[in-house]
C-alpha cells in the first residue's frame, strides 16, 4: 500500500457544493496559472484536481521522495512541504555522481508542489522537471553545492571552475508555473570556496534553467538572490532543432538581488520580462554585476517596465548584453531612475498572446520587495 502522509477527512467528501467551492478558492494549493506563457497551450493546472487520497504533507526527505514516486490517478497529486527538508538527510555528498543519485528530485506530471509554512525550504537537493503540467510555489530552494567542481582551462581567457546541477531544471517539459519561489546560495556563498589555478573555485551551477525544447513557462513573484550564473533559457547555440519555436517563458514581478549574470540569458525563445526588479553593484565583493539580460542566438526578448538599480552601470549594453543575438525590445524600463535607452533592433516579431496587467515602472520596486519570494503567498 502506498503511503499517504495527509488526506482530507472522509466526511469532507459529503459537504455541500457551495462550501467546497469556497474552500477551493481560498486554498493556494488548488490554484492554476493565470499569468504569462503558462496560461497557453491549454493552461497549467498541476495537481489542482487531485483526489483527497493524493494530497500529501511532507516534512522529511523520505516522505518527499515517496510522495513524488507514488502512483496516483489521472488528476495528479499535491505535495505540501512543511519546514526545512535536508535531502541529504545529514550525510554529505562526496562526489558529483553521489549527489546526482541522492539529491535529484524528479517531479512527475500534474503535480503541485507548495510550501505550507513560512520556512518551507529544500536544502542539499535539486528539482528536475521533464514532465508536463507542473506547479511549484512558495518554497525556498538553496542552490545545490557540487562537492566536485571541474577545472576547464578553455573556459574564458584564464580558465574556470565549473559545477553541476541547478536548483530547478525544466527540460523538455511544457506548461510549468514557478510562483513565489526563492532561489539563493544561502549558507554557502561563493566567497567561502577559496581559489585554485588562480580562479575562484565555483561549486554552484545555475539557479533555474529552461532548456531542450521546454515551453510555456511562467516565473512569477519569485526571488533570485546571491548567485553568479542565474537563469539559462536555451542551453546551446547548436540546439535549434529542439529549441527553435519553443522556450516561450514569462518572468514577471520577480526580484533579482545580487545576481552577477544571466537574469536571464536567452537563446531562441520568445521571452517576456515585465515588472521585474534588479538590484546590485558592479563592485559587490562576492557577486559583482556583469549583465542582466543575455541576448543570445535567435532570442526574441521583450523587456517591459523593468527596474534596474545597479550601481556602476550607466548604459544598456550591461542590461542587454550581446551574446550573439540580433533583436531586443525594451519598453518603459528604468536604469538607476532614468529611462533605459537601447540601440538594439526592436523588431522581435511577436507580441504576447495573453492578457496581463502592468504596473508603472515607479511602482515596481515597492511591489516586488513586498510580494516576491517564498513566504509571501
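Cβ from N, Cα, C; glycine included.
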Check: According to Swiss-Prot, which stretch among 185-206, 207-228, 229-250 corresponds to the feature region 'Disordered'?
Finding: 185-206
Item checked: One of 155, 166 listed by Swiss-Prot as binding Ca(2+) at the site of 205, 209 -> 166
Next item on the list: Determine which residues of the same chain, besides 166, 205, 209, have their CB within 8 A of the center of the CB atoms at the recorded Ca(2+) site, and list them by sequence.
Entry: 165, 167, 168, 169, 206, 207, 208, 229, 232
Check: If one measures from the C-alpha of residue 205 (Ca(2+) binding site) to the C-alpha of residue 262 (active site), what distance in angstrom results, rounded to a whole number?
Finding: 12
Check: Just the number: how many Å between the Cα atoms of residue 262 (active site) and residue 166 (Ca(2+) binding site)?
Finding: 13
